[in-house]
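For reference, the structure discussed in these notes is given below.
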Amino acid sequence: MRYRVLYLIKFEDCYVENHAVENGLKGQTTINMMLKKQYYQVFAVFFKLGCISFGGPLAHIAFFHQVFVRDKKWLTDSAYSELVSLSHILPGASSSQVGMAIGYLKGGYFGAFIAWFAFTLPTAAVLILMALVIGNDFIEIPNGVIHCLKVMTVAIVAKALYEMASKMCRTNFTICLLFFGMAINLLFNYFIVQFATIMLSILIGFFYDLILREKSASIRPKHVILNFKQLSLKLGLIHLFAFVLGLCAFYLLMRLFNAPLFSILNQFYWVGSFVFGGGHSVLPLLHSYFVSEQWLSNDTFLVGYALTQAMPGPLFSFSAFIGASLQTPYPPILMAVLSLVVFFLPSYLFMLGALPFWQHLRSSPIVQSILISVNATVVGILFATLYRDIWTVAILEPKDLVLALGAYIALTNFKIPPWLVIIAPSGLIWISIILLETL
């Protein structure tokens, strides 16, 4: 019996029709091949980013912008800025959430998982290995190399922020919001201030739309289709319900069973659920539990955090180091993997739970005005983060500033790829240190 079945799937930013014949086997095979190619593309690009994206969440956002907006053109500037804004409103690992959303755009749920897995794998694997050998022959990265990585990060992030500001802050209103976001977060260095600033920018955008509706209509962004139609509101609610269920489940398991495993996983899930302000803000929360409860020593904790700072992937990968270092009766690698997955799980559920609501709400004229306000404020917050968390620890001497300016010129004028700007000078410094120690 012959019949035709029409398949409509997204492939390479377009829809492909596949007509199946003979029980639909041929068409289904074609779809499977296309999906496998999509998954491979997502894995390949995120794995490369996981190997070269030094500098923390802000640098990750800069790398993502370069790769997915400018190079591969998977997203427009407007769509990407919306994902960045949404990730800053939600708790969790902001840069990883942006990566998950991009992975979902290309490959659905499994694409989101692949994006997270590939981006996290390089750093997590190295941190687990370092945790296993930290008590024996520890391989120390020279301080000069780490400092060079920080200086290069200044140039990369500055270039990305300049490009974002030039696109999203073109009016007096948005320039004032950029300054507002930057000033508040420079003067008050608390992660709750960042969240409050974004919430205030939402109110500013709302009242700006009401008071100057006709004027604001001329600067509203066009409706951006993020292609999350297959993620319905019902599925979004399921993800948010799963998040709440996880909170209750880990807490009940900890209370019902007197086992270290459930206590540790409960702590990781709760910290991952309520952390705002990026990966740096998890330090006091994790320290107060794992060191105070004597799961691991303070020295081990600080060494692991320093190593994580030198790694290219997400700072939340620090959980893998902690899991592998804990003094428990369980295998270290098992604890590392469980700690890593549970720590990132709230970020995954939050992002996929919020995306369908975001897609439905953002078409509203008021929401579009709010987006203008939030996007400009987020750029200001990122500028404040660049100065406070990167510039102040990287630009310590005039030679650091010269090196950073040289890297910036290489990126902007000579179009040198960011990964080469990072690896070339850092590698030369490391080789020089080795030669000096040998001679």
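Each Cβ is built from the backbone N, Cα and C atoms, and glycine gets one as well.
In TrEMBL, the transmembrane segment annotation falls on 169-188 of the listed ranges 89-108, 169-188.
Between the transmembrane segment (112-135) and the transmembrane segment (194-212), the number of CB pairs under 8 angstroms, six or more residues apart, is fewer than three, so the stretches are not in contact. A Cβ distance under 8 Å defines the sequence-distant neighbours of the transmembrane segment (233-253), meaning residues of its chain 6+ beyond its ends; these are 262, 265-266, 269-270, 273, 342, 345-346, 349-350, 352-357, 360. The stretch in closest packing with the transmembrane segment (370-396), judged by the count of Cβ pairs under 8 Å and taken from 169-188, 194-212, 333-358, is 169-188. Ranking 169-188, 194-212, 302-327 by CB pairs under 8 A with the transmembrane segment (333-358) puts 302-327 at the top.
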